[in-house]
Amino acid sequence: MTAAAYRNTLLSLLCLTAGIVDVIGYLSLGHVFTANMTGNIVLLGLAIGKSIQVTVFNSLTALIGFICGVIIATLMVGKAENTLWPSAVTKALALEAFILFVFACLSFYRAFVPVHILIILMSISMGIQTTAAKKLGIAGISSTVLTGTLASLLEDISGRLFFKKQKKTFLRDTVLRALAIILYCVGAIIVALAEPDFYHFIIWVPIVLIFGIMMTAKLKLSGEK
């Protein structure tokens with residue numbers, strides 16, 4: 001595999017990670033999205049309209065955590081070198097993995113840990129991942145924001161179907177966008193099947209995935225321009 005192929009594969013695995021984390025949050029933390037802020041804002045609006053205070057606080061907590069994660073990652077990767085895989089991206093993912101590790105440990109004591117602590121940990125981690133993935137600049141994929149990815153995918157397909165000049169254009173971005181959406185859904189399916197019987201196993205999967213991504217990036221992409 002080429003260095004670019006490794007990079008694209010690792011980004012796709014980040015989408016899988018986001019799908020897993022998002023559904024863990026939705027099913028176990030009071031029906032709140034910790035990665036998909038579009039859906040979370042919709043839930044927030046519905047909760048305000050219906051005067052459901054618990055959902056309002058949960059959604060606001062996730063939104064605040066996500067914003068904090070984006071700010072943290074921006075400070076880490078914002079001025080990083082423009083290489084195939086900037087070292088700052090790996091450092092940001094290491095911080096994300098650590099935060100998810102703390103979440104996983106606290107999850108064993110969910111009866112004693114306020115749910116808002118767990119929500120904010122997960123949403124911070126996803127905010128960090130979103131900005132780190134965007135730094136890679138691959139087909140506009142951020143790993144968590146799928147609405148824009150879906151729109152770009154449909155534009156690609158429509159252009160190839162209806163405009164002759166686009167029929168022979170390179171398919172890489174189209175394939176990556178489709179793969180991002182598919183893997184996000186696969187992550188959601190995995191958690192849906194695992195909950196609740198294998199909850200204490202599934203929460204470690206994103207950590208293992210991110211660790212594997214970091215190691216592969218270090219071994220295969222370090223120093224690549």
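The backbone N, Cα and C atoms fix where each Cβ goes, glycine too.
Annotated features in Swiss-Prot:
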- 10-30: transmembrane segment (TRANSMEM)
- 56-76: transmembrane segment (TRANSMEM)
- 99-119: transmembrane segment (TRANSMEM)
- 137-157: transmembrane segment (TRANSMEM)
- 174-194: transmembrane segment (TRANSMEM)
- 197-217: transmembrane segment (TRANSMEM)
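Most Cβ pairs under 8 Å to the transmembrane segment (137-157), among the stretches 10-30, 56-76, 99-119, belong to 10-30.
Two recorded stretches are said to be in contact when at least 3 C-beta pairs lie under 8 angstroms, sequence spacing 6 or more; the transmembrane segment (99-119) and the transmembrane segment (56-76) meet this definition.
If you look at the transmembrane segment (10-30), the same-chain residues 6 or more away from its ends with a CB under 8 A from one of its CBs are 36, 54-55, 58, 62, 85, 100, 107, 110, 115, 118-119, 122-123, 125-126, 129, 133, 136, 138, 141, 143-144, 176, 179-181, 183-188, 190-192, 195-196, 199, 202-203, 205-206, 209-210, 212-213, 216-217, 221. Listed by sequence, the residues of this chain that lie at least six past the ends of the transmembrane segment (56-76) yet keep a Cβ under 8 A from its Cβ atoms are 25, 29-34, 37, 40-41, 43-44, 47-48, 88, 91-92, 95, 115-116, 119-132.
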